[in-house]
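Comments concern the structure below.
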Amino acid sequence: MQDASEPVINMPALPMNSVNEQHDRHEDLPEVGTTSVTKIINDSDNEDDENGMDLGRVASESLEGDAVVSIDINTEDSSLSPAKQENEKSPEGIEQKYQEEDLKDDKKSNETIATPVPDAASRASLEKQKSGLTNLEKSTHVVLIKCIEQLIQIKVCMKNEKMKNLMEQLKPLLQTECQFDKFLIVELFQYCFESSQDEVMNISLDTISKLASFAYFSSKDKTPASFGPPKSLLQCMVDMVCDSINDEVVDGNLQLNVVKALSAFILCSEQDSMLHGAILLNSVRKLFNVFLLGDSDTIQSVAQASLTQAVTVVYERLRASHTQSNSTSALPEEDASVTENWVHDEDEPDKKITLHSMASAGTSSLDHVKVDADDPAVTSVENSSIQDAFLVFRSMCRLAVRQTSPDKVSNIRSQAMRAKLISLHLIYRILEKNSDLFMDPTLQFRGIPALKGMTLVHASRQYICLVLSRNAVSPVPQVFEVCCDIFYLMVFSLRAHFKQEIEVFFREVYFPMLDLKNTSYNQKLHTLLIIQRICLNPRALVELYINYDCDRSSTTNVFEQLLFSISKVTTNGPSETISEDIEEILPSLESSERSSTPFLNTNSASLKSEVVQLTTFSDFQLKLKTLQCVLDILQSLSNWAESGLYLSRRGVSTDEQGFVGDYDALSRSDTPVTNPYYNGKQSFEANSHSSSSIALADPSQFESNKQRKKLLRTCINKFNYKPTRGLKMLSENEYVDINDPKAIAEFLFRADGIDKTTLGDYLGEGDEKSISVMHEFIDCLSFINLKFVDALRRLLQCFRLPGEAQKIDRIMLKFSERYMKENPSAFANADTAYILAYSIILLNTDLHSPRIKNKMTKEDFIKNNRGINDGADLDEDYLGFVYDDILKNEIAMKDDQELAAIAPLMNNFSTSSGFTTFTSNGRDLQRVACIQASEEMANKATSVLKKLLYQQKHGSQKTNVYYNATHFEHIGPMLEATWMPILAALSNPLQNSDYVNELNMCLDGFQLVVRIACLFDLDLIRDAFIKTLTNFTNLHSTSEIKLRNTMVIKTLLRIASTEGNNLKDSWKDILTIISQLERVQLIGVGVDETEVPDVINARVRRKNVNIGSSNSIRHVSGSTSRSTRTRSLSKPLSPEAVSELMSTEVVLSIDRIFTQTSSLSGSAIVSFFKALCEVSWDEITSSSDLEQPRLYSLQKLVEISYYNMQRIRVEWSSIWNVLGRFFNMVGSDENRHVAVFALDSLRQLSMHFLEIEELSLFSFQKEFLKPFEYVMASDTVVEVKELVLQCVKQMIQAKISKIKSGWKTLFGVFTFAAKARSEILISMTFDTLVNLFSEHYDTLMQQNCLIDMLISFTELCKNGTNQKISLQSLEIIREVYSSLSTMIKEGLSSKPSVNETFSKYVFPVLFAYYDIIMSAEDLEVRSRALQNLFYIFLEESDDFTEETWEVVSRKFIFPIFSIFGPEADEATVMLRDEEIRTWQSTTLVEALRSLVTLLTRRFDKLHNLLKGYLWLFSNCICRDNITLSRIGTNCMQQLLSGNAYRFEVKDWNLVADMFIELFKETTPHQLLLLETFSNGQGAPVYSENENTQLSHKRGGSLPETSRSISTSSISPEKQMEFRSMIRKCILQLLLISIVAELLDNEEVFNHIPHEHVLKITVAIYDSWQFARKFNEDKSLRITLLNVGFMKQLPNLLRQETASALLYITLLFRLLKTRDPLGKTETDQKIHKLLFPVCAEMLDMYASLVVEKHTRNHAAWQPVIATILDSILNLPLELFSENIHTLYFSCCSMIAKENLDDQLRELLKNYFNRVGHILLNLNAQQE
């Protein structure tokens, strides 16, 4: 029994609102029977009449307790299965059982009534009797007669005269089957109910129920005017039944009969007898009240079942009517005239609005819906049905949102809570079974103007949101659970129509439920259960991502936040001890859909107080459920991706197929699948009522949106950190124009995520730009008709007011201006508003700051604000109102208030967490605080929904498009966005948990993530998860391996088997684990741990990795120190671990990984080989100090090479690029065992590979055999190289016919072997090569191996280890050339290209000789090679053309002397000094002589190359080696003298130019530059006297006190520069000598043109002038001495005198060879060049003082003697012409002291001849 003080819940025609929206249609649900409750109650009455059974006994037995009625459904099964028995314990189960009993009980009931009661279809086909009555009418008469007879027997009835007379009147009419007025029956029942006798009322109600089942009362029959306001008999009877009992405690049988009668009316299927509108609602309300106030649990259960059935029937009728009319009716045009008032105006944002207050006090255009009876559409069945459906749903929603006081919340059995629960359950049932009707766009209201054009979902939209927002955070578990189910339906079936609302509920309700610390376990658990059901639907998950995470307008990344929130549950919270019976927990945690409504009667087990909180569950159970959610998400994503890939690979477009599959059928119950497509096509477009439209998802578009959204978040975060930088970044990414303050202000005003403190500081800044933005920002606010305090509150909700007074001042100034502009009559001027605003802010701080003890009083506040209104006072009442308002309601940020309100849910309590104290007695403060926090969460959600619906209503938001998921490409970005929380959720249990099921879930999750990452090439994610798994194997510490570690290992092996094609670099981690596993297996069978080092530990030690660094993930698991490893040796491997790791499953898994490599893709097998090579190398290096290193991975490498040998060449080439490099490494490893194993394996592979036929012009064999060449070229031991030669020899012997491109590599092996210093290797190489030359020469020539063979023999020749082999090899080269020469001569008959012939056959031999000449170590070999080379040039070169000689000269002859070219720098010469000296003294001399012979013999063909050969000789002459210079001089002289007669003018021009260029290049011009010697640090400085003394010695030696000048202080650069200048001075002297000697040769002088001699003479003159200038610069020479240029005073006296002597000698010789009296231009030029210079030299010599210039005097004496002698020998005419030029110079010589006798004699002769000439001249004149 209920508390009589509790109010009875009445259900008036509650007002409603609607938000128009469209959706697609679901599949139709099967219809449910509609007469079961009435029938069971009828049966109860019959049995009671006959046997005296209590009313409702059957219902009681079937609805409560453990008593279950066994009902025979058919002859095959006479009892219910346990599942069916369980189902019968719910109202839905009762309905099903009642339907099954209907058929059985019809016969029994009809026998009792004596007249059969046919169903509606039977009644429609009955034939009328002769009396004019149908069988149905006769049955009703029988029922009425029986009723009258029962009433007659009751005294109370007979005492009522009117009633008595009426019964006496009716009985004969009924018996005679005459027609009569049905109102008489109504009047009779009215009398019965007026009697207030339970017995009479029960008989009446029983009869009415039977008449109602016969559709006896019709809505067409009207009551007479005398009866009151006109209404139908049907309405009259329903009202009469409803009014028969009141809300006080009444007899239970009477309540049951009322339920039976109302159920009969509601379930009646006759059109005219159906209940609609208010009549229907009145009936439902009475059933609802009976459920609440029922006399017993049985009655309440029956009422609940009847209520459920009534609601079901309403929607079944709607479905049936719509199905019938849908085929003929067209989609009507929608009416956009609907307006909503559910959301309050934005002008009152500070008013606390809840959905409860809206429901109770709000008015809307839908709250007073009027039905136009004259509209024909109203009378249609479909329109009546949709109106009934809407009204019933609206009523349930209004009941569900009624506010419940806290004390009632704690009492789950109170009427208020039971009313809320049944309403919520009915709402859920309606949405679950009829979601397709709600979204069907063809099912629309037509008869109600306010609803015209709306669908059910549009009309019901706001009510669904209302229900959830008010109840979703309820602390009552039962309420919270059913709200979760409703929200799930919203997401599952209605998500396209509730896009924004779903985001709100996720953000404001369900995410906080998981994130907040002190929400109850019940709330967290049921939240997780619903999330799990969502996670099972791949389409729903993808659509959450693309519609929220990729939507720029969405403030919440729902999918991403979903993963972050559920992952927190796994990582937060204390760890609790797990009980041993943990296996029994999981079934209770399984996700189960609500398949039936639980009993909600007063004493129902579902309302027991102990289930208010799930105190038996702990954090562990929540973590298990969270883990299951993560696993379901991953499974859904994987299924969606794989299905999409499958379709795409088949060439099927996912857009065309819809890409639906079976994913929407995620539920395991019969929940209808809501497809967002209607009849396979998109159902509708966005319209004026819809807040969302449906579109298909384009992956590229969403990727762009996601990136832009992420970038915007980054910019906003940057702004929150540094506003100026943030705005710059926003501008750079085109989110806002940084030069437009208005655009900036609008962005800051509307953008989500802006930190309000930062925003306030920025707006308060004093720079011009910030002020402009602040002004525009405040202008975005509207203060029209707002009170001043409310306006200030609105302003301060936008940002946090900065603390600096100047910033506040600027903001308040603008606020005051804005307020007064929009409210000009509020104050006298803006100054008043400014002062008052500032005063209010100070008041708010004073009143609410805890640090201020003495608070401001109201009088103080009024006093402070006197005279501010333009000198006048503001009204004191107004100021007092302001004071009171601030005192009661602080001006504070809503965010702060909301945070403070939910603080009880965020902070840890000292007692039990959450709402577990609800079961305790008294009003606990903690419980109250938590209830208030929940209320605040509800209010916040309501406020957000209010704002959202306001925007939708007023069009302030763009049409919100909802995108259907059709592409699998979204899965990759989804995983990229959420892999970190997934990793955290899955990794945490692997660290500590030993629970097998939990570990299996984690490992399944890892496997799914890797699968998805592999499908979409997400390398970072794949590597992160695989590395994490490898870290959990614990193979580095064998003694600590546990069951969970073995499970991880098996998971890694499964991943390797299933995802091999996409693992890429992750193969390294997996193969490392396999290597470690093999090591552990060896340890398990008794091998010493020290004999099998761990590759991870070795790698860490080798690389010295810092474990704390972020890039050492790979090495974390192996980061054990040496001491740790030592300790582990003392702990043996556990037998359990050995058993697991050596199990057949593990062994077969490893084998399968390697054997399946043949099926890997081309790129995957390359990655596999690369990883295995790296692991093998780690094994080898880690055990390099052992005698027997680890070769496990190397063996596997060879093994899989055989498996993959048959791959196509393109793939094998890629494999060998990796494998070949690895064999290079291991084949040359310093450990002999490794190298031998590798080479032997390579030999076997090569033998196998050579069996594969290779076509010409391919190089697979060449590349495959490269490792042999690499090993031979390495520094490995001789034994390994011997093995290489043996392997090569074996391959040649066995497969010589198969070898093609491999010859090049094999000869490469021989070439490197020929370079070795080992006699054995050289001997083996020579023997093999000789055998090839003698036995297989033709084969080699066919394979174009000539060059390779010559190179090998050349290397043998160059190697000086064995002279005999070198000489024999040189002889073989000669034989090769002889063979080639014969072949060339024989082949010339076919006239092949001469150039091609020489290039292919001759040049390789020439190059071999050249290489030997240049590089051979043995001098005899060099000499013979040179002889052979020049023998070919001299004797075998008849067929050489000029082009051939040009090539030969440039490639073979000139390079021999390249060491003397400019490219041979000084450093190279110094390093090779000993070698060069040997070369110079031996080969070079012979080469130069041979070269001169060649030039002489083949001059005709080499004539055009003369310049090159002259350059060669000039380089040889100009070396600083005297021997070379002499050889060069001799060769040059021999060449010119021997071929002078062949030289043409152009050739002599080359010779002259060569000498001129040499003189220029060797002139040390830097000697004359003082800045060259500016760095004289540390050099000695002479005194002035010493300098004077030295200055008088022009070329003399050092003074007597000689100084030893050290050059250690001179920089190396200066020293090199000094040496270069000295070398040039020496070369000048050498050039002068060369020219002199060359032109002394009469053969040369006679053939060289005089013009070219003059050119050389000019160069010699320049040399003389340079030396002269240097010698005369005394200060420069002293400076050179001071800086350490030389150890004595430098001079160029020899160059000066030698060049002067050569100069005059050549000119006098030219005069002799020409006509003495010639007047040609050349003659005149010679005269000008000669005689003035001679006079100059004579004058200079005459000026020399013998005592001071003794050396100079002696040096110049030969020059003067030559001049005088040459003058004397001039012809008379020429002598006479130049007397005036030379006479006075000779006169000056006479006065010279100590004149040499020779010169004295020459002067004497000169003057004698002059005298003779002059005397003869005078005599002639006389």
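Cβ from N, Cα, C; glycine included.
Per Swiss-Prot, the annotated phosphoserine among residues Ser125, Ser360, Ser604, Ser910 corresponds to Ser125. As annotated in Swiss-Prot, phosphoserine applies, among Ser606, Ser669, Ser1366, Ser1525, to Ser669. Ser653 is the residue among Ser653, Ser956, Ser1119, Ser1591 that Swiss-Prot labels phosphoserine. Noted from Swiss-Prot: of Ser690, Ser993, Ser1110, the annotation phosphoserine belongs to Ser1110. Checking the candidates Ser226, Ser579, Ser1606 against Swiss-Prot, the annotation phosphoserine falls on Ser1606. In Swiss-Prot, the annotation phosphoserine falls on Ser122, out of Ser122, Ser435, Ser1256. Per-residue pLDDT, averaged along the motif 'HUS box' (547-551), amounts to 89 for this model. Residue counts for the motif 'HUS box' (547-551) under DSSP, helix first, then strand, then coil, are 3 helix, 0 strand, 2 coil.
Thr597 (phosphothreonine) falls outside any helix or strand according to DSSP and counts as coil.
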